[in-house]
Amino acid sequence: MFTLNETVNTSVINGFEELITYHIVNTSLGAISTLVNTLLIVIFLSYRPFRTRYVLLILLNVGDLINSMAIVLTGLNRIELYSTAIRTMTLPVRTSIECAIEPWLILKLIGDILIPVSTFWMGVERLVAILFPIFYRFSVDGKAVKYLVVPGISLLFVFTSICVAFYLAFTENHLTSFYCGRKAAFGEGFGTFIYCCNITCNVASTIFATAAYFKALNLSKTQPRMQRQVNVIRYYLLISVLSTLLVSLPNTIALFQLYVEKVSDSLSKPAYWMQTINSGIHFFVYLALNKEFRARTFRMFKMVHSEEMSLSKKQSPEGCDTPLRGSAKTLTARTA
């Protein structure tokens, strides 16, 4: 599997069975999340009003989909790695460059940056829409700022971060952990940057969305049309809160382990499952709190079901175009 391996004793591979179980669970969650996000992006992109209205949600969806695929590939890689180690009593010798070019790590890197950045812009957008409604209506909503500038800045930030990561990996090439990872490939400094980016963006988005929600709620008492904004902010806020709890908290634990003290696996491993769940939960948030999204989703499933029923009615068991109708007696009478 690898070009260079080293022989190890049983003390090194002790606990690998538990790690395999952990990654089987995480890979399964990642696979479910991938399917959910694929469905979500189909719903968003197949309906023109959604394509124009939910630009940031689509950007977040893309990040979630990439991250979910990365989780599946990471899990399969680790399961194979630990299984081979148990079977052969060997571990691969890896360098930071070898780790950096792993496809699953590159995808994970994109998701780790794009998701919190998208969440951050969602909080900013809602706050601007409530505090500066005229500016938002005439300069942001439906304009290039929303469709091109914000997504462009986000993607540029992701691209720049990846370039810095690869620069660090290639200029400071060294032997590193056999299982690879962000810190192993790009260094502890860049790993810290990823942790802080997730924590800061998610917490900031939660603060912005909370401020916008209460402001809109207060305005809705005198301006009935503001109730629509309250409904929109509600699921933006829930996404921010979930990201803070399911992503920022695990990243805080990772920072604590990096600079203070190692945390028990019984706490750290489920924390990673929480991040995986967060990437697949947004579909259900929209389904619960967005009436238009819920109606569109049910309509899509109804259309698919109707097409299947239509096709089944046009086909008969013997390859006839239309099924025979009526009882045997009726058919006999007709043919007599």
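Using N, Cα and C of the backbone, Cβ positions are placed for all residues, glycine too.
Record features (TrEMBL):
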type     : residues : note
DOMAIN   : 36-286   : domain 'G-protein coupled receptors family 1 profile'
REGION   : 312-336  : region 'Disordered'
TRANSMEM : 20-47    : transmembrane segment
TRANSMEM : 54-73    : transmembrane segment
TRANSMEM : 113-136  : transmembrane segment
TRANSMEM : 148-170  : transmembrane segment
TRANSMEM : 190-214  : transmembrane segment
TRANSMEM : 235-260  : transmembrane segment
TRANSMEM : 272-289  : transmembrane segment
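Contact between the transmembrane segment (113-136) and the transmembrane segment (190-214) is present: at least three CB pairs lie under 8 Å, with pairs separated by 6 or more positions in sequence. Summed and averaged per residue, pLDDT over the domain 'G-protein coupled receptors family 1 profile' (36-286) gives 92. Counting Cβ pairs closer than 8 Å to the transmembrane segment (190-214), the top stretch among 20-47, 54-73, 148-170, 235-260 is 235-260.
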